[in-house]
Amino acid sequence: MGNRVICMKKKDVVIRSGGDGSRSKRVNRSQRKLLADEENLHRRALSMAIHQAQVSQRFDGSMSRRIGSTSSRRGTLSDSFSNNKQVPEFLESLKVKKFVLVHGEGFGAWCWYKTIASLEESGLSPVTVDLAGSGFNMTDANSVSTLEEYSKPLIELIQNLPAEEKVILVGHSTGGACVSYALERFPEKISKAIFICATMVTDGQRPFDVFADELGSAERFMKESQFLIYGNGKDNPATGFMFEKQHMKGLYFNQSPNKDIALSMISMRPVPLGPMMEKLSLSAERYGKGRRFYVQTLDDLALSPDVQEKLVRENSPEAVFKIKGSDHCPFFSKPQSLHKILLEIAQIP
């Protein structure tokens, strides 16, 4: 398939104001309400993260979570956008309205809080999942040794969908490997797969291989990295890794708001190493028939634009979208641009 490349404007939203002063006041009030809603959402996400950090009991390992919007009622497609513009009528005809959001390494469902609110405001149905050993899933990350174990909450969510229901699967960073794994297993359940600065690997490739330019080869990383965790003791192979906070700030959040960095610093958890080092088996008959889309982040220091471009060349998706000014976490640094792209992909026939 040929690639389509769409480059989002650096400014998330452009509001055109006419000569009507009253309209300008309404827009300003709308903007203030949007900021207040976002602040409220952030407080709720922060509260959940603090609660997570204090949890001492263990929960069932297959937990999926939803972080609701600030609205007291569920939005519909006929509701207005936050800028007082009517939602396009063609959204009413969308056959697939459920988005399953899959976080990347160290993150959890909490990282999608802005995306969840925006999708719900548009009348869509976002669902998040905590992968094994991540977010509110209290599985010990040191015990997660395979991609199958890591992806189990996502696989169970897809397996429990109604027979005729399909979803749009969205993966961030190494969550892209889980998306690929799910696409190989359930191509009939996944309408579209969206990779956000993600590890869109080829058959026989490891998720870690995508980061080799930044972190060195897997073999070198396993021998020399200071970020490795030895959950079973130094005499046994490493079980996970975790970047230092200052390292993460510069690597992941170079364009993100301070409040989202603070949320991440108390929420991120160690990353299971086994799934990152596992080679994926992807077939042309199943994975190859899936509809894949890639979102590039052009100010990304964790997965450079050059590496993302290489991924697109080697594993060609149906279309490519680019977000200017976004770091490795566009759901924090450019949430409105990301939202527009998700809507646009949902509307592609």
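Our numbering is plain: 1 for the first residue shown, then up by one each step along the chain.
Positions of Cβ are set from backbone N, Cα and C atoms, glycine also.
The following features are taken from Swiss-Prot:
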- SER173: active site, acyl-ester intermediate (ACT_SITE)
- ASP300: active site, charge relay system (ACT_SITE)
- HIS328: active site, charge relay system (ACT_SITE)
- 61-80: region 'Disordered' (REGION)
- 1-77: transit peptide (TRANSIT)
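The Cβ of HIS328 (active site, charge relay system) lies under 8 Å from the Cβ of SER173, CYS197, LEU251, TYR252, PHE253, THR297, ASP300, LEU301, ALA302, LEU303, each of which sits 6+ residues away along the same chain. Within 10 Å of the C-beta of the residue listed as 'active site, acyl-ester intermediate' there are 27 other C-beta atoms, taking all protein chains into account.
The number of other Cβ atoms within 10 Å of the Cβ belonging to ASP300 (active site, charge relay system), over all protein chains shown, comes to 25.
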